[in-house]
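K.L.:
Following this message is one structure expressed as structure tokens.
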């Protein structure tokens, strides 16, 4: 109320000033001498112009003050609600949150972590340029006394600032706090403008992958303790991604922006990601397709081993270093007892033994013929219901559903009278005579062989 009263007084005083100036102008026009047969002198015209300009400036100030004052409080109508992208939490919800935090913090402390806290806002220059395309999502605050400030976007950059300010080279710390993002909220999908982040970092110089393995161990301990059900932890190394971009032909200037697109694969389809790369970011379609061949693959240590044998990727120094470290990481995770429990052991919902696939287009008829032969021989077989499915998609389907074998038909195989039989687990391929295919599938899947 006191602030409004002060503002109302400023409006009153400014109104009096405007009225005074207008009265002065009117009086001057009434008494100003006119030269017989002539208009105003140049000096008189200049003075009149100055007065008009001054009146316009003071009127603008008055209107600005009135805008700040707003309508009379007694006439205001508004809806009580939380700001867009935020929400309240009931006592019941807070009780659940506190129990979750208790589990998390207990695990952090069990692993010897210290806790820190940092301001909810930082100097704008500290945050600017640290988030790439997402920098536009930072909340800037109004200037309050000479410092340009912004709400923290995450807990990582403030942690880096904390380390640099305090000249720390080694610390194992955790930090649970709210962060703010000027994003388009999707409340039903858990995307808010204000939300908690839970950070655990081991900062310092250490032998490769030992701290990384402990971080993953901590994550699995927490998720298991919270009893949320089955979960999948995804790991990556930026060097692999950069090396992949390089061999695929992505220009250096587009690395970061294309990386931003790839990050969306958890939320949208590959086709949508590709359209963004090509349509919005100007990447050549063939380069995007090459990227797709890599980023659509999934797996654990077996995929790492496969990529280490990739003729192009293995020739890139960055990628080779990243893959080597990931291989080491999986060795440590195995010792911790958390490696490949879900990337490798799938719960199968079907008993399909083999997927009939094609390596080129226009081979639907050949696939239909072969799958029919296998069905007639008692083999449990499937094929994708598309005329020209990509081989990568067919192989991916086998990995996702746990189908152990793929019978691949290609133009060359048809000419040679063979079928290429691929083991999904080992990715080994051998050419089998078509007439021997049924026996080989039964042998590999331990199905009894009928001797006639």
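Any Cβ shown, glycine's included, is placed from N, Cα and C.
Residues or ranges marked as L-histidine binding site in TrEMBL: 154, 155, 156, 181, 197, 201. Look at TrEMBL and you will find 3-83 tagged as domain 'WHEP-TRS'. Annotation source TrEMBL lists region 'Disordered' at 18-47.
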K.L.:
For the domain 'WHEP-TRS' (3-83), provide the mean pLDDT of the predicted model.
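P.N.:
It averages 73.
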K.L.:
Largest pairwise Cα distance, Å, within the listed L-histidine binders 154, 155, 156, 181, 197, 201?
P.N.:
22
K.L.:
Once the chains shown are all counted, how many other Cβ atoms turn up within 10 Å of the Cβ of residue 181 (L-histidine binding site)?
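P.N.:
So the Cβ neighbour count for residue 181 (L-histidine binding site) comes to 21.
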K.L.:
Measure the Cβ-based neighbour count of residue 197 (L-histidine binding site), defined as the other Cβ atoms within 10 Å of its Cβ.
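P.N.:
The answer is 14 other Cβ atoms.
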K.L.:
Which ones in the same chain are close to residue 156 (L-histidine binding site), with CB under 8 Å and 6+ residues apart in sequence?
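P.N.:
Residue 156 (L-histidine binding site) has long-range Cβ partners 199, 201.
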K.L.:
Same-chain residues six or more away whose CB lies under 8 A from the CB of residue 155 (L-histidine binding site)?
P.N.:
118, 175, 177, 179, 197, 199
K.L.:
Are there any residues at least 6 positions away along the chain from residue 154 (L-histidine binding site) with a Cβ closer than 8 Å to its Cβ? List them or say none.
P.N.:
131, 179, 197
